[in-house]
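Peer 1: Structure incoming, see below.
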Amino acid sequence: MDATREIYWNIGHGTVALMYLLVLAAIAVMGLGFRERLVLWRKGKPLDRSDHPKQRLALFITDVLSQRKVLTVMQGGLPHVLLFWGFLLLFIGTVLVMLQADLLAPLFSVNLLSGNFYRLYSLVLDLAGLAAMVALAGLAVRRFIIKPAGLETSSADAALHLLLQAILVTGFLIEGARMAVTELPNNSALAAWSPVGAAFAQLFIGLDEQVIRGAHKALWLLHLVFGLGFLAVIPRTKLRHLATTSGGSLFEPHEPKGTYSAIDLEDETIEQFGASAVGDLSWKDLFDTDACMQCGRCQQRCPAYLTGKPLSPMKVITDIGELAGNENGKGLIEKVSRDALWSCTTCRACEQICPASIEHIGKIIEMRRSLALMEGEFPGDEARRACEAIEVNGNPFGLSATSRGDWAKDLPVSIVKGKIDADILYFTGCYASYDPRNRKVAESFVRICEAAGVNVSILGGAERCCGEPARKLGNEYLYRMVADSNIEAIRASGARRIVTACSHCFNTIARDYRELGLDLPVEHHSTFIAGLINDGKLKLKPERITATFHDSCYLARYQEIVEEPREVVRAAGVKLVEMEAFGKEGFCCGAGGGRILAEEKLGTQIVDERLRQARQTGTKSLVSACPFCLSMFEDGLKRADSREPINAYDLAEIVARSIDRK
């Protein structure tokens, strides 16, 4: 006997016809639901995400099939992947049954589901269904019993879990009832290829055949109702993320990470800068609210949330989604709250971990732009004064612009007058220009360049703040003012290569200034020094110390520079002990997003948490590669318990010290 089975066993033609009508009805209801979501998304402003179609499609297919973003957190990710693949294979199996019954057999007399293919088909679908059942049970235990932090639960979640489990259980009961009549009595060898179905068949063994047939038909109809109900509720529940989360990969920005849209400040027709209502956001911003599966991963990585501040990246997204359902969508900032918006450090930890490719930071910056440009609001008077100082003096300290190059007076550094006559233009940044602690970093970098035979020039008084803190606070006007001034000075200098020790200056000049027309090679001092070492231009006498390394968010997550700084400090003889959060998963120092200009009044200090992680390594030295980070660490260490001493350095200081010891 050939291995096969009767399609729609025990189900009459009339019932099958009714099934197809109900399937069409369920698809129509689902389509109407997604049409409602489309209308909601179109409330947002236009945004072109149709560029690079081949790359987008390839990324979409790769992300969907691999579920790689879901697997970044294994505890909840692995069962989700098993559930996804289980249902996907069951869906494919159902489609094959329909093709066999309605196309291949009647039109071509082809029996696809027979022989070895049918045996494999039966085994794969049984294992897929079992994997989905086990995964769903595990997810239910995690959500409703373990209740991990950040994973919110509702009665709707419980209902969806029950619906999915009901689909799986009734499916196996249907299979078991059929096998109890058609296979187990006379074809046990075939039944072995459906081990889960055979186990469920034991529930029916010994019952009268008519009773089994009646139960089978009732279960089949119940399974149909559950399955079609599942289709109908997808767009109206959290299940819509099945479509929209995958779409997140399709609509991901192809610009470098952390590239935010510029504002045409000269367009007099613009009445609203930034976002104060849902309609001020883009359609992708509103699409993201449906892509969010409320897994809480972003919240559990957010340094502001973890230090007791009123910011949850997940809640920002859900708040926007709730407001988008209102007729006018106004009151966006009030819905999210000012304190939540100002708490963000723009570290991108939320976006790094998000399995749905949601862009949290851009939405926050748009709302900050509305506060700064439309209402003149800042996160505090100290931030306002710092921005005023940048506008007048070109630095947040309010110090004279003419003294910006004073740090280099006794060093082999030339200040550009006319055209540059040096190998590199060193964009010093505000902190290395004026802050005594960070001046030591600039001096160390110059000593490194001197040892490597690299000539250095600076802009001196012509340099201004790069504008990044002001821009992240929403003050696009101030950013453009200082950015245009810097671009003019850089162009006038004739510089061909720029190096900076500030990761914020680096990201801004390398990416944001390019949008304004400056297209020059820009390097961070960590990669520049790594190049000098690799090229044999620096001979170091290693200093045997143990230290831990802190990744600047704007290096690791924005620029994906992780290994080069570590290579530099290892070359200087440092044995690295990593913190619990490092690399692209590192923990913020608290200075980003313009927070370096504002006092941290809510919750506990973010930098204190990072210093706690550093102390847990047991090392006495903390190395970083950003003046913002170093400044935060120095301030945090002044407040710290002196019984647990730890010293903070920039990697340039470590390298320069090893040169000095030759």
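Think of each number as a place in line: the chain as shown, counted from 1.
Cβ coordinates are placed from backbone N, Cα and C, and glycine is handled just like the others.
According to TrEMBL:
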| type | residues | note |
| --- | --- | --- |
| DOMAIN | 283-303 | domain '4Fe-4S ferredoxin-type' |
| DOMAIN | 334-364 | domain '4Fe-4S ferredoxin-type' |
| TRANSMEM | 12-34 | transmembrane segment |
| TRANSMEM | 78-100 | transmembrane segment |
| TRANSMEM | 120-141 | transmembrane segment |
| TRANSMEM | 162-181 | transmembrane segment |
| TRANSMEM | 187-206 | transmembrane segment |
| TRANSMEM | 218-235 | transmembrane segment |
Peer 1: Give me the stretch from 78-100, 120-141, 162-181, 218-235 with the greatest number of Cβ pairs under 8 Å to the transmembrane segment (12-34).
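Peer 2: Selected stretch: 218-235, with the most Cβ pairs under 8 Å.
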Peer 1: What else in the chain is close to the domain '4Fe-4S ferredoxin-type' (334-364), if you only count residues 6 or more beyond its ends and a Cβ gap under 8 Å?
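Peer 2: Same-chain contacts beyond the flanks: 69-70, 72-73, 77, 241, 244-245, 248-249, 251-253, 257-258, 260-261, 275, 281, 284-285, 288, 291-293, 295, 297-299, 301-304, 309-313, 315-317, 319-320, 322-323, 371, 377, 379, 472, 553, 557-558, 584-585, 587-588, 590-593, 595, 598, 602, 606.
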Peer 1: Find the member of 78-100, 120-141, 162-181 that has more C-beta pairs under 8 Å to the transmembrane segment (218-235) than any other listed stretch.
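Peer 2: Looking only at 78-100, 120-141, 162-181, the most contacts with the transmembrane segment (218-235) come from 162-181.
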Peer 1: Restricting to the same chain and to residues at least six past its boundaries, which positions have a Cβ under 8 Å from a Cβ of the transmembrane segment (162-181)?
Peer 2: 5, 9-10, 83, 87, 90, 126, 129, 132-133, 136-137, 140, 191, 194, 196-205, 207, 209, 212-213, 215-216, 219-220, 222-223, 226-227, 229-230, 233
Peer 1: Just to confirm my parser: what is the rounded mean pLDDT across the domain '4Fe-4S ferredoxin-type' (334-364)?
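Peer 2: Looking only at the domain '4Fe-4S ferredoxin-type' (334-364), pLDDT averages out to 96.
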